[in-house]
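K.L.:
Attaching a single structure in structure tokens format; questions to follow.
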């Protein structure tokens, strides 16, 4: 099925495109074929991949998507308008054919006479009636209510006539059959039409009936007089006294009078002419009668004010949003007022301008309101310039989306004139600068009135069309006080004369969108490039982070059709576009934008049915100003008279009659309570707490006051003397109310205590006031003296209290707490508030970090900080995280280890140095791994890896002592007994000396066969096969040994053990062993299957270090994402000589895991959680 679409030039102002002429026009026509391969699998799919590759068409060339749901057809009588329209349309077609063809008239004579006599008016050879029936059929199909009324009246009148004939009697059997059949058909038709009344919802203009009658009467009079004159000139055999009556019968009587009533007849050709006169009169009358309501196409001040408010609140994402304030549009709002759609009505098409404006959550409501408006007046819905998100919303409402082209977006942070791809722009800018041009950039508010008037005059004089073009991507005005935030860019020659200008509208608060581009005939080549480049290069000082340029229609077709190996269809499609570009600048627009290396953002057109595509195309051409109809109001000042804003929004008094933006804070407050299904929905318990907060505020109580330090913590208060005066602050965890006495549990970081509120002890108020004002979870400040309850429980006897923080959400169940591990991670703040174990883990982690630092400080180590953002990833073999710095336009890596920078410090003479900080590795997340973790790296000059065995053990034992009070580690245990499975933590003594074993000895013991550093690769592979250990064929012997170690030794280790002397090939930063060949001086510390740390005798030979890093860089170049890159700066530093050094690396998170017996997710305050 072919779709022929006429598309207007969707861009701001193409006349500013650099070309051989100083001014250009914009018009784009395209012919698109919809193939059966097109599916509705999404906005980016155009054809099956196989066909696309075969023909050379990309899925971005043309995108057609089917709607997910229809907007009509839910009623059981939805078929009535179409059935009525088709029935009347068939009769109209046959009547028209019979009017021009005697043969067809002879063939259908019998059924035509039967239908005409008993069912429906079907006269012989009457153009007028044929056209009237055609217009009636079209109006019925369009669900026009006036058409329903006309058809119903016809059926009622015909039924009455048939009933009268039946009642009169005296008819032949054939006539009686026809009259009875006709009466039955009429009754059924009347019943169906009455039942289908609600399906005819489209309104017509007010007073359409009287206007239609006047048009018909005037046309009929003119037609009768003209026909009478023709009969007098060419009477044929018609009697002179019957000529006027014959002409009137043919023109306005639908030839209802039998031709045999007249004496003689004129030539048959005159009958056709008379019918045309009648047809013209009736067509004009029918058009006026069935014409849809015409929109005012104008915004009121309140409408514009509301749109500006929505843009301030939600307009940061839509580059075309500001164009919604164009005043020759109408607007329809969602009932909540949180979103709206601006549109124009042309040739019966309601053409929406881009995306809805406002809250994305309210877009569907705005689209529904717009579609209901279209249905009410019988308009065909259409959309021009929708974004991907907007097109998806329209699609879900039942429309079909078609990709038109791409919008060019510049990111000033990435823009630069250097580089081969910017050569053309750079040369053009150089030419303009040599011509003495400079650029001036100002906001419209900074331009004086007289100067702005000159600017408007220049813009009009440099325009080569009589009317200002644009609709969805143009503002249509310049110098309006309401547009003070718009940006004006001017090119000025050495004589201070303006030679070109760009006007850009706001795009949120940090962007601008091109509206107007004009240049003088005397401007040199490169003027536009100079202005765009200067704007991009100085954008930061203007607070601009994004610039929207022109729109390139069918951009993907130009790009893909020019590619090497493009298919025949792609090349043919591009060739057609290039051909039409001679008139409509399609390729010029694409190339003028492409040279800036922009980001291309697709834009879509949407329509309801393929049959209305030509109408949507014509409407868009008219709206964009490429086709100016007679009596067009395009150049008039557009001021609406009937605001479209919802009553609830208008009643707030926030909107301004002059169209200026309303108070945004006021809109937020209104939006919180007036949402239409998009307001913040709160659970019942939360709503109750919010209501209590409002009551407190209305009573003058500040629920979130300024703090003041308490005199005691809870623990200190419990240890204080009896009757001691104290003030404590904490969270209410439990309340027990006994009337005049109230007990509450108060918790702070140090512990939990009971507070007692007795009416007789309170300085003011009563316990009931406390109970009414507070909820579980509230933060309160209590003042009183220490005492005891009747049961002897130490308690704070409260004399005064103050609410210092209202908890607006209920705490978890006080008995079960947070059971879901994911919930505990995502709401760690809540976990800490209710879970004593979580607070203990935070304290233990702090104790471990403090103990590690104090141990190193005691040995004379210096703590430093090295860069987290690094230009190369090195120091370890791991996959890094990559980010980007805009200033230098280069990628950076989050460090995987600080090693190489710490060694630079060692070269500089820092003999004992450590860093305790964050490292990042883009690897798995499990029990012992988190992408972001805390790492300790320490280096000691004049030492080796053996010295760090004692140093590492001391660090961990001291950390355990600080966290647990003794050198013990907590191990999770599971005991199965008669009462079920019980999980608990068991302390394990880690004091004393820990075992030390070589890697090869440990593997040999696990295999039951001796291996060493000289064992060949083939033997190692056989041992792997026998043990079921996987390996890669490109690995050397050292990598295979490491894999055996990880599978057979590391994961089976229980007590803390040092494994020493790893193969050299897997230790690129480690010096070779001083006495053993093939191994390096490195050890790993393992406990209960987890590696805790590693230490090296650092490689200080710069020549050997370079060789090993070059091997690593080759692996990286070969695609290994974990291999280290060659760091020339580090190697150069090493060439200045680094003292013999021993280095330690230890995972602090895993040490905390060892000491506390918890997983890494439990010991980290905020581990990485999966997205919701």
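Just so it is clear, glycine is given a Cβ too, placed from its N, Cα and C backbone atoms.
Quick caveat, the model's predicted, so the values are computed rather than measured.
Annotated region 'Disordered' per Swiss-Prot: 1-34, in sequence order. What Swiss-Prot lists as region 'Phosphatidylglycerol lysyltransferase' is 1-663. Per Swiss-Prot, compositional bias 'Polar residues' is recorded for 17-31. The transmembrane segment feature in Swiss-Prot is assigned to 80-100, 122-142, 146-166, 177-197, 214-234, 272-292, 612-632. According to Swiss-Prot, the region 'Lysine--tRNA ligase' annotation covers 664-1172. According to Swiss-Prot, the feature DNA-binding region maps to 726-804. What Swiss-Prot lists as Mg(2+) 1 binding site is 1084, 1091. The feature Mg(2+) 2 binding site is assigned by Swiss-Prot to 1091, with similarity to another entry given as support.
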K.L.:
In the DNA-binding region (726-804), how many residues does DSSP call helix, how many strand, and how many coil?
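P.N.:
Residue counts in helix, strand and coil order: 7 helix, 49 strand, 23 coil.
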K.L.:
Using all protein chains shown, find which of the binding-site residues 1084, 1091 scores highest when you count other CB atoms within 10 A of its CB.
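P.N.:
Compared across 1084, 1091, the most Cβ atoms within 10 Å surround 1084.
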K.L.:
Which state, by DSSP, holds residue 1084 (Mg(2+) 1 binding site): helix, strand or coil?
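P.N.:
It is in a strand.
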K.L.:
Quick one: what's DSSP say for residue 1091 (Mg(2+) 1 binding site), helix, strand or coil?
P.N.:
strand
